């Protein structure tokens, strides 16, 4: 028992003094078995006593005393170490001692001496959204920073061959790198959740510090609405030190930007991400700066389906309704009402778009310009309908156009049957020089030769004959068994035919006018 007590004293003293005379081995119990009962007793006793005096921390302590012939009669020299199959042996407890050693030398309020080269990498993970009204872009990024601090260096041989260690960022000096055009920032969308997550810095023996964290940045971005919804946007993240100039901190960016973890946005398609190393002057101090440019293109399918296409359909239907017959009788009532309704619909759609895009007096969005174009087209079509209605009404009153006007619209004049009447001067006329008035009184009139009356009579007879023929034709057309005969006769009028031709011409023109912009928009999208 005295031997065991002396053994315990020696082991504890060796451990407290930092000596490596006692060996700590991780052994498989099945492979390491005692050779005698005394050896087993000593192993258990020593382990319990060491456990009681806290002389070891992490590894299994095994002290073996050879007892018996051929094994010696004393305590074997031991070495307290932690075996590592993949690399050099690391002394247990060295990480704690290394951390205490580094923090004792390091001052978190003092930057490293001399020029600090800071390697900064920002990996774009997702574009959360772009607010056109507020002119901001929100992105999720992974930030990696690397710099060298000599006060955080050590010799691995003195600390159990430790090749790297981790220290919380709150315990060391960190460069004050910010995003200058930042509106809002958070480690993630829920700051309270991430605040409980430790994000230590990785430190290497030469003093190289690597710090990384995810972050959500909302940055101001000048939105160009000229080609909305076929617009391309470019938003920049301006990264620099708030305090130190370029003579103290110089930023370096990775030339090859990784998009390994990037996920697409439903509305915006990523074109490219570029980074530029630059510098600017602020209050007489030249500051090193990195500028990450994120170029995106809008996916216009939503706006084309929900706004552009319905607008085109409504305009096309309005144009067809303005220049088509409203009834089988050829009437053209309520055309202006239809035009006004279509214009009001275009105004409502334009109002919806104006609420989506930022208010600007510099440019008019392309989609708003398209709606304005449709409103103007329908307005002009409605006013043109008034001209056609005027021409149609002239034909309903029995007026006939000139022949050249018909030929102008590629129409042939219809032949009108006219009766030819002649007067024979040699035929006897029964005439009287007395005329009976309304009151029955007879008056004597001066007689003229028949030869003088013939020209006057001929003109009156021709007019009377034409009038009678027209009346007879109208009477003949009125047939109870064929009610459309009279309408067909009336539509044979030249002005009515011209109005129908104008309807066809204007309808074709305005349909083409409102179709071309839609084709162009779909082609550009």
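Every residue, even glycine, has its Cβ placed from backbone N, Cα and C.
What TrEMBL records for this protein:
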- 1-22: signal peptide (SIGNAL)
- 96-300: domain 'Neurotransmitter-gated ion-channel ligand-binding' (DOMAIN)
- 301-324: transmembrane segment (TRANSMEM)
- 334-409: domain 'Neurotransmitter-gated ion-channel transmembrane' (DOMAIN)
- 336-354: transmembrane segment (TRANSMEM)
- 366-389: transmembrane segment (TRANSMEM)
- 504-524: transmembrane segment (TRANSMEM)
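If one looks beyond the transmembrane segment (366-389) by at least 6 residues along the same chain, the residues whose Cβ comes under 8 Å of a Cβ in the stretch are 226-231, 303, 307-308, 311-312, 315, 318-319, 322-323, 332, 335-336, 338-340, 342-343, 346-347, 349-350, 353-354, 357, 499, 502-503, 506, 510, 513-514, 517, 521. In this chain, the transmembrane segment (336-354) lies close to the transmembrane segment (301-324): three or more C-beta pairs between them fall below 8 angstroms, excluding pairs fewer than 6 positions apart.
Remark: secondary structure over the domain 'Neurotransmitter-gated ion-channel transmembrane' (334-409) totals 59 helix, 0 strand, 17 coil, with classes taken from DSSP. Taken together, the residues of the domain 'Neurotransmitter-gated ion-channel ligand-binding' (96-300) have an average pLDDT of 89.
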